[in-house]
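Engineer: Taken from TrEMBL, the feature active site, proton acceptor applies to 96. Residues or ranges marked as active site, proton donor in TrEMBL: 108. The acetyl-CoA binding site annotation in TrEMBL covers 62, 63, 64, 101. Per TrEMBL, domain 'N-acetyltransferase' is recorded for 1-140.
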Ligand SMILES: CC(C)(COP(=O)(O)OP(=O)(O)OC[C@H]1O[C@@H](n2cnc3c(N)ncnc32)[C@H](O)[C@@H]1OP(=O)(O)O)[C@@H](O)C(=O)NCCC(=O)NCCS
C-alpha cells in the first residue's frame, strides 16, 4: 500500500466496520506499520494493516470491498501475508475480532487461528461495547 491507495482503502474501511478508522488513522497506520493491498481488474479489492514485533505479527485491520466479498479474496490476502510476505522469521500471528463477526471468525479458523481468550468490552459500537476474541495462529517452526 502507498499513500495513493488511501482513498480507495478509506472507501472500503468506512463501510466495513461499526467504528471505522478515519482517514487520519489510516495515514498514521500506513506510516507506522506494514500495509498491503490486493488489486484486481476493478482496482483495490482488499487491504490489511499489520504490526510486526520481532517474531510476532498482529493483524490490525483487514477488509474486502463489500461488492467483492465471498469470492476468496480475504482468505487469499491473509494467506499470502502469512505464507509469503511475512513468513520469514515469524512464529505467531495475533488478532482481535468482534464476537459477533462470524464471517471473519470463520475465515480465521479456516486458516488455523484458535481462540486464546476474550477481551471484555474491547470494542466501541453503535449499540454499546462489545467483547473481542483474541485469536492466534502459530506459523513458525520455533
Ligand atoms: C471478513 C472478511 C475480510 C472476509 O473476506 P471475504 O473475501 O468475504 O472472505 P472469503 O471469500 O475469502 O471467505 C473465506 C472464509 O471466510 C468465511 N466467510 C466469509 N464470508 C462469510 C459469511 N458471510 N458467513 C460466514 N462465513 C464467511 C468462510 O469460512 C469462508 O470460507 P468458505 O468460502 O470456504 O466457506 C470480509 O467479510 C470483510 O471485509 N468484512 C468486514 C471487515 C471485517 O470484519 N474485517 C475483520 C475485522 S477483525
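Every residue, even glycine, has its Cβ placed from backbone N, Cα and C.
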Engineer: Cβ distance under 8 Å to residue 64 (acetyl-CoA binding site), same chain, sequence separation 6 or more: which residues?
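Structural biologist: Set apart from residue 64 (acetyl-CoA binding site) by at least 6 residues yet with Cβ under 8 Å, we have 12, 16, 45, 46, 73, 74, 77.
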Engineer: Taking the recorded acetyl-CoA site as 62, 63, 64, 101, identify the other residues of that chain whose CB atom sits within 8 Å of the mean position of the site's CB atoms, giving them in sequence order.
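Structural biologist: Counting only non-site residues, the set is 16, 46, 61, 74, 103, 104, 107.
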Engineer: Out of 62, 63, 96, 101, 108, which has the highest number of nearby Cβ atoms, where nearby means within 10 Å of its Cβ, if these are the recorded positions?
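Structural biologist: By the 10 Å Cβ neighbour count, 108 comes out on top.
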Engineer: Work out how many Å separate residue 63 (acetyl-CoA binding site) and residue 108 (active site, proton donor) at their Cα atoms, rounded off.
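Structural biologist: So the Cα of residue 108 (active site, proton donor) lies 13 Å away from that of residue 63 (acetyl-CoA binding site).
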Engineer: Roughly how many Å separate the Cα of residue 108 (active site, proton donor) from that of residue 101 (acetyl-CoA binding site), to the nearest whole number?
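Structural biologist: The separation of the Cα atoms works out to 11 Å.
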Engineer: Going by DSSP, is residue 108 (active site, proton donor) sitting in a helix, a strand, or coil?
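Structural biologist: It is helical.
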Engineer: Ligand 1: which of the recorded positions 63, 96, 108 have a Cβ closer than 6 angstroms to it?
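Structural biologist: Listed by sequence, the hits are 63.
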